[in-house]
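S.K.: Pasting a structure below so you can have a look.
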């Protein structure tokens, strides 16, 4: 049916329920089974929801990743569990404090207190030619953020973005907001797939894209 | 110095791999236009023996840089004020909640126990004779302590707010000033908000109900607690709230960008409020 999961992500049984899981230190009170796996809650993670919904994200495991909008590190902890070097950019200090705890047990996770709208403030740290950018920023101009960070992606790299309609315009119908954001993206990206995440996250659109 | 980066250079350029402090500074303060294959360059330049070593140094350096930046931003005075006023509200709410429970409990042992914090004070002065009374009296003591903590937090806010935001504190009163800063997420974000947003801060539920088309627009949020709004008769309250919010927004901007007390903005507001209130008196 759906594309295979990346190496390092498996469906495991927790309390009798099959759930996505990665292997690593628990970070938000989730259970951990005897083999060190912990469930990845699709309701708390847009990337988790994308995997759960079977989108082809082009992830095999071991990728070099730039994660924009890492927040407290809920999702980025799972990414660092299955990916390679993972750069986590978060703008707000309070969640970044929790992100630091997540990074403490993950050697391949590099936390950065930076503004995703200003990539020049971290381009001296984050390497070029990355395999993947995960974007989950709740700011107006999400299209612009993706365009400005395009410089970090390898030519065949992927942008995996969760576009939040309410961040662009609280008043408009989400269905009217998404086309504008996609039009922005198309100036530099080829859109491979889109899907509404409503089953897990209201008013969010998942976008899979690659640089033109 | 080693912390500053020439253009088009990676964070590690010119650094000693063992100097985590300088590395953290370079990560925090450096800039460059285009990313490059930094791991490869670091290995080539001899900064790291191999990529694993590079990533290990990077891990330590980014954690240190982020920790320092987080601490610095969180220690900012407006953030401390935010914590204090939120803690004050929590202490008050919790004390009242426990006092209610206590009144229920103590009322089952004695008649005519006053309610609220006063009741807790009364119960705390009992001399317990049974194990049950011991628990009740002990709980009452906690409630009284919690109420004292609330009072201490309030005096901290009252003395601290004028230092953080002199104009805002003078105009709104220290506690309301602190609440506005807390609701906005900091003095800087408050200074960047339009007056219309300041007017309805704290009335988000009502505002979104209005935006969805279910309700009329809220006239005021937390600024309702101020005499200028609450003390104005209903028919003029919208005008009063709008005028007050407008000047509060200006006061926040002066506090953030200049920090000096400016009398004229307060005089302007007093004039405006007098005009609004005279409307009713004159008619």
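Positions of Cβ are set from backbone N, Cα and C atoms, glycine also.
Those TrEMBL annotations? Automatic predictions, nothing curated.
Positions annotated as region 'Disordered' by TrEMBL: A:1-40. Annotation source TrEMBL lists compositional bias 'Basic and acidic residues' at A:8-22. Residues or ranges marked as S-adenosyl-L-methionine binding site by TrEMBL: A:74, A:75, A:90, A:91, A:115, A:116, A:136, A:137, A:138, A:139.
Describe the structural surroundings of these features, if you would.
M.R.: Tertiary proximity for the region 'Disordered' (A:1-40) is limited to same-chain residues at least six positions away from its ends with a CB under 8 Å from its CB atoms, namely 48, 51-52, 54-57, 59-63, 72-74, 77-78, 80-83, 98, 101-102, 105-106.
For residue A:74 (S-adenosyl-L-methionine binding site), the same-chain residues that are 6 or more apart in sequence and have a Cβ closer than 8 Å to its Cβ are A:27, A:28, A:41, A:44, A:45.
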S.K.: Largest pairwise Cα distance, Å, within the listed S-adenosyl-L-methionine binders A:74, A:75, A:90, A:91, A:115, A:116, A:136, A:137, A:138, A:139?
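M.R.: Among the residues the record ties to S-adenosyl-L-methionine, max Cα distance equals 19 Å.
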S.K.: Using a Cβ-Cβ cut-off under 8 angstroms and a sequence gap of six or more, which residues of the chain neighbour residue A:138 (S-adenosyl-L-methionine binding site)?
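M.R.: Non-local contacts for residue A:138 (S-adenosyl-L-methionine binding site): A:69, A:164, A:167.
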S.K.: On a simple 10 Å Cβ count over all chains shown, which one of the binding-site residues A:90, A:136 is most densely packed?
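M.R.: Comparing the binding-site residues A:90, A:136, the most crowded Cβ belongs to A:90.
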S.K.: When you measure from the Cβ of residue A:115 (S-adenosyl-L-methionine binding site), which residues in the chain that are at least 6 apart have a Cβ under 8 Å away?
M.R.: A:91, A:121
